[in-house]
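Undergrad: I grabbed these lines from TrEMBL:
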type: ACT_SITE; residues: ASP27; note: active site
type: ACT_SITE; residues: ASN75; note: active site, proton acceptor
type: BINDING; residues: ASP27, GLU214; note: Mg(2+) binding site
type: BINDING; residues: 28-32, HIS44, 72-74, TRP76, ARG78, ARG195, 201-203; note: substrate binding site
Amino acid sequence: MEILSKEQEIINIVKNTNLQHIAIIMDGNRRWAKERNLPSAFGHKKGVDSLKTTMKACDDFGIKYLTVYAFSTENWNRKKEEVDFLMNLLGETIKNELKEMHENGVVINFIGDLTKLNPKLQGILAHAVEVTKDNTGVRLQIAFNYGSRDEIVHAAKNIASKVKTGELNVDDISEDIISKNLYTKDIPDPDLLIRTGGEMRVSNYLLWQIAYSEFLVTKKYWPEFDKNALAEAIEEFNRRQRRYGA
């Protein structure tokens, strides 16, 4: 009788359950740093390491789509120094990691209102999208300046504009039409939503898309999240019976 490795067991679960898309609310960077008497910047930097680890684990396990919540529309209300740091961290991380991510076949995309970002950062993000668009590995969506209500308003305006110009008939508006006007129009809805840091809320994240997602909260802070934690989440997903509202 063949004894499967832990990793092969997870790969089999992913295949058997058709687990394609994992979305993550990466929470707990600041609390992780505070508990260690470190500046919040250290927590955010450690969070980047966790994202790299998780992305690699998704590739190892056969997960095709990973969407992470990096900066919300509400995060502008934080102290200016922290907001500026997060903007710089995103730009520097993309520049420093792009070559390796491209070599590993990662497809990078950003969801959110990027028009509010400074032109230099917009250019860095657009370059990453262009360079990796033809890759065939894990598709990474980074939600930045993202809010789900804002996304739905944006979609509603797009649809209203199409109705006004005669491109779309009002009677043709459906769930599918709305989905096709969201930032996530090219990818399937998440099968599993993971929130790190122990908080029991969805924080205006992918509200339309997670209608039938399984929701898992871990007390681990995001900087503590690793390959084993992802494997445990996938095992828990396997124990769930998805009902799709039934």
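Here, residue 1 is simply the first one shown, and the rest follow in order.
In case you wondered, yes, glycine gets a Cβ from its N, Cα and C as well.
Tell me about the setting of these features in this model.
TA: Within 10 Å of the Cβ of ASP27 (active site) there are 23 other Cβ atoms, across all protein chains.
Sequence-distant neighbours of ASN75 (active site, proton acceptor): residues of the same chain at least 6 apart with a C-beta under 8 Å from its C-beta are VAL83, LEU86.
Under 8 Å, Cβ to Cβ, and six or more positions away along its own chain, GLU214 (Mg(2+) binding site) finds ASP191, LEU192, LEU193, PHE237, ARG240, ARG242.
All protein chains considered, the CB of TRP32 (substrate binding site) has 24 other CB atoms within 10 Å.
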Undergrad: Which residues does GLU74 (substrate binding site) neighbour through Cβ under 8 Å, counting only same-chain ones at least six apart?
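TA: Result: GLY147, ASN204.
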Undergrad: Give me the count of other Cβ atoms within 10 A of the Cβ belonging to ARG30 (substrate binding site).
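TA: For ARG30 (substrate binding site), the 10 Å Cβ neighbour count is 21.
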Undergrad: In sequence order, which residues at least six apart in the same chain have a CB under 8 Å from the CB of SER203 (substrate binding site)?
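TA: The list for SER203 (substrate binding site) reads ILE25, ASP27, TYR69, SER72, given in order along the sequence.
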